[in-house]
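*Asks:* Here you go, one structure.
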Amino acid sequence: MTSVVVVGTQWGDEGKGKITDFLSANAEVIARYQGGDNAGHTIVIDGTKYKLHLIPSGIFFPEKISVIGNGVVVNPKSLVKEINYLHDSGVTTDNLRISDRAHVILPYHIKLDQLQEESKGENKIGTTNKGIGPAYMDKAARVGIRIADLLDKEIFAERLRTNLAEKNRLFEKMYESTPIEFDEIFEEYYAYGQEIKKYVTDTSVILNDALDQGKRVLFEGAQGVMLDIDQGTYPFVTSSNPVAGGVTIGSGVGPSKIDKVVGVCKAYTSRVGDGPFPTELHDEIGDRIREIGKEYGTTTGRPRRVGWFDSVVMRHSRRVSGITNLSLNSIDVLSGLGTLKICVAYDLDGERIDHYPASLEQLKRCKPIYEEMPGWSEDITGVRSLDELPEAARNYVRRISELVGVRISTFSVGPGREQTNILESVWSAK
C-alpha cells in the first residue's frame, strides 16, 4: 500500500494540478477530498491545455479511477458541463466515481454567496461567488442536500422546498432581494442528477479496497494550506480543509493509511483575493513575475497578487500538513532577475519572529526579513536535471529546501509534463 497526498502550501494556484497529473502516471486511483468548482487547475498534455474545476486530474488516464470524495461540494450543473467539455475534447469519463455522500451546491447557495459578499463592503473576503461557503454552512447546519438525496426525486423535492422556504425568507427580509422559485431549480437539477447517476457510489469503499489491495492511491487537494479554514489566514480562507488531514474526513480513509504528503509551491508566492500577504510586490518586479508567470486565476480570471518566496508561510504549511516532500514549481519565471529575495522571518514591532501569527492585526504589522541571493539570466525551460541548472538557480532551490526543512522531490521549469524533473520518487517505500 502506498498513498500520497498532494497539497498546496501557499494560497492556491501553486501548480497542484500539474504535479497531480504527473504523479498520476504511477497511481491507480486519484481522489479529490475537499473544495468545489471554486478550485481551478490547468493541465497541459501534448501541448493541449485543459482547465478543470471539479474532476480530478487523473481523468486523463482512462485505466485509472478518478474519485470525487464526500468532502467535495458539487455543483451538478458545473459537473455536467465539465463532463461534456471532456467528452467534446475526446476524453472519456467512464473512470469517474462520485461520492453519494458529497453535498450539492444549488442556485440559492450561489445567490447567498453573492449577497453576503456584497453586504460586507470593504470587509469582503474575495469569494469566487460559486456558493461554496453557503453549501458548507448548510452541511454544518445539517440541512444540506447530498448527492444521494438529489437522485431520489421525492426526497430531493421535499428537502428543496424546505430549504427554499428558509433561504427565501433570508433573501427577502435580510437582503431585500427576490426569492427563488421551486420550479426554477427542481426539474433542471434533478435532470443533472440523473445524468451523473451512473458515476455515483460509496467512494470510501473504493478507496479503502484499493489501499487494502496494495494499490497506489493519490489524493488531490484544492486551494492551499494558507486558505484552510482552521490553519489559514482566517477569515480570508476557504470553507474546507485543504490540509492533508482533510483527506481522512473528505474521503473516508483513516489517517493510518496516509504514507506521504507532497507540498506543492512556487519559487515565489501568489494569491487571489483579499487577505494578508507580507511579501507582496507592488513594483515592476511584481508586474514582471505576474506577466511571465501568467498569474491570472483559472476560475475567476482575476490578476493574482505576487510576491517573494515566504519561508515563514512554508514552515507553517509543513507543520500543519505533515509535509514529507516538496515540489517546487515555476523556477523559470524568475530567470532574468538580477537579485532574488527570500523571506526568512518577520519583524513584528521590532521583534524577529519565525512563525506565522494568527492575528490579522499582527500580520498587518509584520515586515518581511529578506535574504538576498544572486539571480540568473539563462533560459532554463529546457533543463532536465538539477545539475543542468545554473549555479545560482541550484543555490536558490537548495536554500528553499533548507529554510523549509523538507527535501525537494520534484522541480519544474515550465508548464509541460516534460518540464517536471524528478529528484526522488514519492512512490518508493516509506
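These residue numbers are counts, starting from 1, taken along the chain as shown.
Cβ coordinates are placed from backbone N, Cα and C, and glycine is handled just like the others.
From a predicted model like this one, the values you see are computed outputs, not experimental measurements.
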*Asks:* Which candidate from T162, T201, T203, T238 does Swiss-Prot annotate alongside D13, E14, G15, K16, N38, A39, G40, H41, T128, R142, Q223, R302 at the IMP binding site?
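*Replies:* My reading of Swiss-Prot gives T238 as the candidate in that site.
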*Asks:* Quick one: largest C-alpha distance among D13, E14, G15, K16, N38, A39, G40, H41, T128, R142, Q223, T238, R302, binding IMP per the record, in angstrom?
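*Replies:* Taking every pair among D13, E14, G15, K16, N38, A39, G40, H41, T128, R142, Q223, T238, R302, the longest Cα gap is 34 Å.
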*Asks:* Counting other Cβ atoms within 10 Å of each residue's Cβ, which of the binding-site residues G12, G15 comes out lowest?
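*Replies:* Counting other Cβ atoms within 10 Å of each of the binding-site residues G12, G15, the minimum falls on G15.
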*Asks:* What is the interatomic distance between the Cα atoms of Q223 (IMP binding site) and H41 (active site, proton donor), given in whole Å?
*Replies:* 10
*Asks:* Measure from the CA atom of D13 (active site, proton acceptor) to the CA atom of G40 (IMP binding site) and give the result in Å, rounded to a whole number.
*Replies:* 8
